[in-house]
Amino acid sequence: MKVNGTPTRTIWLAEDGRTVEIIDQTRLPHRYETTRLASLDDACRAIKDMLVRGAPLIGATAAHGLALAMREDASDAGLATAYERLFATRPTAINLRWALDDLRTRLAPLPADQRAAAALARAEAICDEDVALNAAIGEHGLAVFRALWEHKGTPDRFNVLTHCNAGWLATVDWGTALAPIYKAHDAGIPVHVWVDETRPRNQGASLTAWELNQHGVPHTVIVDNAGGHFMQHGMVDVCIVGTDRTTATGDVCNKIGTYLKALAAKDNGVPFYVALPSPTIDWTVRDGVAEIPIEDRGPGEVQRLWGRLDSGETAWITVTPEGSPAANPAFDVTPARLVTGLVTERGVCDASAAGLAGLFPEHAAAAE
Ligand code: MRU
């Protein structure tokens, strides 16, 4: 997508053909800054401190991190250490493990002196594949939106609610949940997006709103608790979110608060879709609530907020009284029964083992 009119991805190979550049997402929306990852340390820090975030982009950055690590130490021990260090950065998004497993499987049989080049080539391919997967999700999601919009009695506005940031900033390009929104907007469907602010880190208010602004998509930022109200008043035509890990049975793990939106959508008869590329499916997990590890990011993100002061300076402010503890689970699980459909690169399916196995028969055994 474009930043100030210039086509831009979230991660790209630097001119030296070796290091990679990323957008530092901790500075948005108030500052657009890029930074360079030149080592395994840099890649681990970028993921852990959320300079990059969003499941597909975490996977792509991990792939490049492993490629950078192979330039430092391409021995078997170096490969094992790099895998472990990158794997430990964040626990919930399965794309991290998917990308690391993919690279390790390809690199392990190679002689050490071939590993750096092979890793870089595969990391670049993973980035390109992510763009293609998300573009396909966009087309399938567009068909869903078009059908809902054409069925609607008042076609002058099509209201979509989304939570967190599942846009191009969360992927290499296009995004997952936002890809259909961009495609619908470009196709002339009068899309308006309700953007959940997404406390505590405000990925909706800071990142999704910034993206939509850049592309000129009409939107309104709302507090996380407003969605149910708008649904009750017929002001949400569809919800669509991304996911950090979807089980073989269709349970969806996504940013904290997604579950409550799905409950409100069910109560109000609003379709609730989840957009995901297949590397986000964990075919080894069947019960999302019981089995998916939920990241705990500590109390600081709840107690404090980052933003711009009237002076133009950016600053942290404290919102809780001293001495009040805070809890901060970063994700929750929406059971498959609350999900209307999964929008994947191969099409739309029921959020169920049968639905996923129908689209991905090569994984059917795991989904049974
Ligand atoms: O903690 P984050 O910002 O990495 O969480 C991101 C999300 O929850 C996204 O919705 C999810 O990764 C899907 S991204 C296409």
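Here the Cβ of each residue, glycine as well, is placed from N, Cα and C on the backbone.
Here is what TrEMBL records for this protein:
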| type | residues | note |
| --- | --- | --- |
| BINDING | Arg53, Gly54, Ala55, Arg90, Gln203, Asn254, Lys255 | substrate binding site |
| SITE | Cys164 | site 'Transition state stabilizer' |
| ACT_SITE | Asp244 | active site, proton donor |
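Proximity to ligand 1 at the level of Cβ atoms, with a cut-off under 6 angstroms, picks out Cys164, Lys255 from the recorded positions Arg90, Cys164, Lys255. For the recorded positions Cys164, Asp244, Asn254, Lys255, counting C-beta atoms within 10 A of each C-beta gives the highest total at Asp244. Around the Cβ of Ala55 (substrate binding site), a 10 Å sphere holds 29 further Cβ atoms from the protein chains shown. Among the residues Arg53, Gly54, Ala55, Arg90, Gln203, Asn254, Lys255 said to bind substrate, no two Cα atoms are farther apart than 17 Å. Between the CA atoms of Asn254 (substrate binding site) and the residue listed as 'active site, proton donor' there is a gap of 5 Å.
Across the fold, the C-alpha of Gly54 (substrate binding site) and the C-alpha of the residue listed as 'active site, proton donor' stand 7 Å from each other.
Neighbour count (other Cβ atoms within 10 Å of the Cβ, all protein chains): 27 for Gln203 (substrate binding site). When the Cα of Cys164 (site 'Transition state stabilizer') is compared against those of the recorded positions Arg53, Arg90, Asp244, Lys255, the shortest separation belongs to Lys255. Listed binding-site residues: Arg53, Arg90. The one with the lowest count of other Cβ atoms within 10 Å of its Cβ is Arg90. Across the structure, Gln203 (substrate binding site) and the residue listed as 'active site, proton donor' are spaced 14 Å apart at their Cα atoms.
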